[in-house]
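Asker: Let me give you the structure first, and then I'll get to my questions.
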Amino acid sequence: MSPRRFGSTPIESLYLQLAKARAERDDAEMRRETAEAQNTAAMIEASKRNRELAVLQVQRATLAWRKESEERERRERERWERRMADKEDEIGRLRGEVERMEGERKEARREEEKARERAGRMTLNSIRMRKEIEGLRENLKVREEREMMGEEDEDAEEWFDALDEVAD
């Protein structure tokens, strides 16, 4: 007699089918759990990558902002330096202009002083000349009176010429 094989009877066959179905179900559940675990692991990995990507994007944006900010500050600093240089140039130009105007003012004062001196000399000369003229006129009156009285003056002609010269 040969050994009897398990599953040769209908009940055993049902047990075998049931065991196979359970094993297939367990395998399917294991595969599902494995797939879920793999899916969860993939999601976790994707989440990590997304976080890393987000961190990298934030870092990139921060670096870009810093670069732009530094560039803006550099341009502003250069603009400020140009304005300061322009103002220094303007100050130098104005100082030169002030010095030139002060020189002109001093020169004008010197000219004015010279003109006053000349005017004073001219005034003194004209005062002297007036006095001379007045003196000559008085002498003339005296001579005219003498002539009227009959006295002749031989120097009368010279006096008239001198009076004409002074008047000129």
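Each position is counted from 1, following the chain as shown.
Note that Cβ sites are derived from N, Cα and C of the backbone, with glycine treated the same way.
Annotations per TrEMBL:
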type	residues	note
COILED	11-45	coiled coil
COMPBIAS	100-120	compositional bias 'Basic and acidic residues'
REGION	100-123	region 'Disordered'
REGION	146-168	region 'Disordered'
COMPBIAS	150-168	compositional bias 'Acidic residues'
Asker: What counts of helix, strand and coil residues does DSSP assign across the region 'Disordered' (100-123)?
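Answerer: When I sort the residues of the region 'Disordered' (100-123) into the three classes, I find 24 helix, 0 strand, 0 coil.
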Asker: Restricting to the same chain and to residues at least six past its boundaries, which positions have a Cβ under 8 Å from a Cβ of the coiled coil (11-45)?
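Answerer: Cβ under 8 Å, 6 or more out: none.
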Asker: Check the coiled coil (11-45) for me and report the mean pLDDT.
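Answerer: Here the predicted model's pLDDT, averaged over the coiled coil (11-45), is 91.
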